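**Q** Below are the structure tokens for one structure; questions will follow.
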Amino acid sequence: MSVRTFCQVHLGAVPPERRGSQVSAGQLSDFDMCAQSLIDFLKVRVGWDVRANAMAGRLWHQIMEARCPATLKQYLGIFRGVLGHRVESFIQKNIDALEDMLCAYRRSKAYEDTLNCGYLSAVRLYDTYVLRTMGTEPVYESVAQMFMRVSVFVACQCLEHECLYWLARDLIEDAKSVSEMAIVEYVFGYLAAQHVCCATPILRSAGVEGGQLASCFILQPSMMNEPGTLDALYHDMSPLLASKSGVGLDVTSFSHQKNIASCLKLVDAQVHYFNDNNIRPVGASAYMELWHSQICDFLNAKLPENPDRCHSLFQGVCIPTLFFRMYEKDPSKLWYLFDPATAPNLIKLYGAAFDNEYERLVRAGKYVSCMPLKSMMFTLIHTIIKTGSPYVLLKEALNEHHWTDTQGMAINCSNLCAEIVQLPGRNTSVCNLANICLPKCLRTVESARVGTTDANRPFFCFEALGDAVRVAVLVINACILGGSHPTPGVERGQKERSMGIGVQGLADVFAELGYGYLDAESAELDKNIFQSMYYTAVETSHNLVLEGQGVPFHGWEVSNFAKGRFHWQTWEGEDASFVPRHRWDALGKSIAEHGIFNSQFLAVMPTAGTSQVTGYAESVYPFFANISSKVTNKEEVLRPNVTFFKKVLPDDLRVVRQYGGDVSTFPKHHRERYRVFLTAFDYCPFKLLDRARARAPFVDQSQSMSFFLKEDRVRNASYLRDLLLHGYRLGLKTLMYYCRVQKQSSLTALQCLADPGSPPHSGMKQDGAWLPGPKNPEEESCAADPECLVCQ
């Protein structure tokens, strides 16, 4: 029996009025059992069958919507105690109009697209994002109701803050006034179509009473003594983890008789505690500078052979350019390690000032120990190979490109995913995130305007990108102004109003346009996308002050903006030519005169969570795999690259399955036909770093840049060393996020093939070389690699 026939026979008779009946029934219906059986039948096919994947997702949505309130009246009755007062009152006041909006959405293409995103998308939405009641038979918020809740929250903030109301009115293009429902409908259109994708905290908590909407926090406490250390871990960090967010923690100042490993175990234990029976995982990343006397103990904390290793902790190191310069000159020379109690200025300084202080301390004999530079480098690389981390930051790049002078209070750490660059000081830095789904910006050339050979040819629409960025600025600022603050330090840090707007689906855009990831056309489009995004975000933020009468962010008077300078102008030789120079000049002059609402704008974060929901490639990365598997809270699910399989010709499917979707191993003519679907492991990582450098001037925070390496490349430490040195020479802020290694294993050899006629996976080429199967990003990366739902 075909999938279509199965659905018609077993599901066709389910009446529409059954929707919502399970809210009170509390038992599995015949429809649910039938649908679940079909899902189980489809799940073995979803890795390569786009229709099976879409059908499994639609069925899961149907099962779960039977557990959702059927009307907004029911919704308020169930979730009234959870919603904030303003949001609840707004829904009650506009209940009919909102109901009409939701009904229209369920008839729209946007809703169809959401249903067709596949099984993993449907599972992720209900497992992670929507509200639910407690108990053994929970009632769930529907996906449409979730988007409505967030949109209503944004509208409430617009009504409360004049500058946001002005921006909403400007976006809707109403010169005089705009109704509150018009704001909801406008924002809802972008969120529900997943053109603008909000970070997990926003989707889960916007509109909820006391909702904490920031994604990550950064702490830079003094840990010079035991009371200071305990205060940092329990007074500062614990409330942040309790708020279901990620934390970046600088431990470079750790200096007393205890070992850093004991301190890290305390952090690890807290993360483990807060993740116990927690729907949304939290995480913490500890950062240390490379000159610290306990750096080797720090790097050993996650090694698999360490019986006391910190399973739940992530790590990062901040390296001064001095280390790389000395290594390039003579790797056999000594690298000196210091106790921060005797070398406190090394934490505060960067650049020439750091170099001078380091040399002074060496001459004065203030060091604790020393080791050859090559030994320090090997220790770092050994840890990377075994654990996939620590993240690697370049201290000078973090500070030289910051929006204000940081000499004397240098930045030396980041957030949980190493894409946020802020100066915590005595406050707590805050990450407020969203991302633009770039494939939603693709448009088709109208056949009436061009010849038939160009009909249906896609192009990237920068106007659509600009509109989405403006909506993201509105949504994030609504969350900044309307979110709760777990600690006083967060409230102070939020005054900088730092945003992090990222992207997802860049690889899908290139593939749809027929570009290989490293083609010249891709490189140009990549850079232009980020220049356009940065300009639009800065201009919109400025207009919140200029036209909306908003107050500039705290500290703008001493920022580069007050001098009319932009982030890209701190990069030597950079010319922003996609946006005409006279527009940059006029904008800079106006900002210097009137101010700007936000301090930071773009960040390239890993979009693991929201990319699973949309089905597009994560962040700016090339495709991980064309067939992969994903472990959810309950099961392991095959995940297809939908963009790839939509392009696969029916006659080629047998070959695709035989080679596990690995284009690099296809026969020559198939390899050429599908060359734009090579994976990240097939591209030169040095060239991927070059691409990161090309977009870096327009990413004023940083980029979570991972290395994607085949296993044979990490057998020699020199390859990783050369990658780190290349990133240093390029001047990147984040040299490495994770080191993902493609191991020599095959998913195809293990998977159960639904079609008995499908060819078995041979596992080996004729010449005896290993034949890769479909790649599982979770298995390819180290065990430390998280599915970072904390940020996205």
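We number each residue from 1, going along the chain as drawn.
Placement of Cβ uses the backbone N, Cα and C atoms for every residue, glycine included.
Checked Swiss-Prot, it gives:
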type	residues	note
ACT_SITE	Asn415	active site, proton acceptor
ACT_SITE	Cys417	active site, cysteine radical intermediate
ACT_SITE	Glu419	active site, proton acceptor
BINDING	Thr200, Ser215, Cys216, Gly246, Asn415, Leu416, Cys417, Ala418, Glu419, Pro606, Thr607, Ala608, Gly609, Thr610	substrate binding site
DISULFID	Cys216-Cys431	disulfide bond
REGION	758-781	region 'Disordered'
SITE	Cys216	site 'Important for hydrogen atom transfer'
SITE	Cys431	site 'Important for hydrogen atom transfer'
SITE	Tyr737	site 'Important for electron transfer'
SITE	Tyr738	site 'Important for electron transfer'
SITE	Cys788	site 'Interacts with thioredoxin/glutaredoxin'
SITE	Cys791	site 'Interacts with thioredoxin/glutaredoxin'
**Q** Taking the Cβ of Thr200 (substrate binding site) as the centre, count every other Cβ atom within 10 Å, in any protein chain shown.
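**A** Neighbour count, Cβ to Cβ under the 10 Å cut-off: 24.
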**Q** Once the DSSP letters are reduced so that anything not helix or strand counts as coil, what is Cys431 (disulfide bond)?
**A** strand
**Q** Going by Cα-Cα distance, which of the recorded positions (Thr200, Cys216, Cys417, Cys431) sits nearest to Tyr737 (site 'Important for electron transfer')?
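**A** Minimum Cα distance from Tyr737 (site 'Important for electron transfer') across Thr200, Cys216, Cys417, Cys431 lands on Cys417.
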**Q** Mind telling me which of the recorded positions Asn415, Thr607 has the densest Cβ neighbourhood, counting other Cβ atoms within 10 Å?
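**A** Result of the Cβ crowding comparison: Asn415.
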**Q** Inside 10 Å of the Cβ of Gly609 (substrate binding site), count up the other Cβ atoms and send me the figure.
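**A** Gly609 (substrate binding site): 22 neighbouring Cβ atoms within 10 Å.
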**Q** For the C-alpha pair, I'd like the distance in angstrom between Asn415 (active site, proton acceptor) and Tyr738 (site 'Important for electron transfer'), rounded off.
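**A** Cα of Asn415 (active site, proton acceptor) to Cα of Tyr738 (site 'Important for electron transfer') measures 14 Å after rounding.
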**Q** What's the longest C-alpha separation between any two of Thr200, Ser215, Cys216, Gly246, Asn415, Leu416, Cys417, Ala418, Glu419, Pro606, Thr607, Ala608, Gly609, Thr610, the listed substrate-binding residues, in angstrom?
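**A** Binding-site diameter by Cα atoms for substrate: 19 Å.
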**Q** Could you round the CA separation between Tyr738 (site 'Important for electron transfer') and the residue listed as 'active site, cysteine radical intermediate' to a whole angstrom and send it over?
**A** 9
**Q** Could you tell me the C-alpha distance between Gly609 (substrate binding site) and Cys431 (disulfide bond) in angstrom, no decimals?
**A** 16
**Q** Just how many other Cβ atoms lie inside 10 Å of the Cβ on Tyr737 (site 'Important for electron transfer')?
**A** 27
**Q** Just counting, how many other CB atoms are there within 10 A of the CB of Tyr738 (site 'Important for electron transfer')?
**A** 26
**Q** Compare the Cα of Thr200 (substrate binding site) against each of the recorded positions Cys417, Glu419, Cys431 and report the nearest.
**A** Cys431
**Q** Please name which of the recorded positions listed here, Cys417, Glu419, Cys431, is nearest in space to Cys216 (substrate binding site), Cα against Cα.
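**A** Among Cys417, Glu419, Cys431, Cys431.
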**Q** Would you mind checking how many other C-beta atoms are within 10 angstroms of the C-beta on Cys417 (active site, cysteine radical intermediate)?
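**A** For Cys417 (active site, cysteine radical intermediate), the 10 Å Cβ neighbour count is 33.
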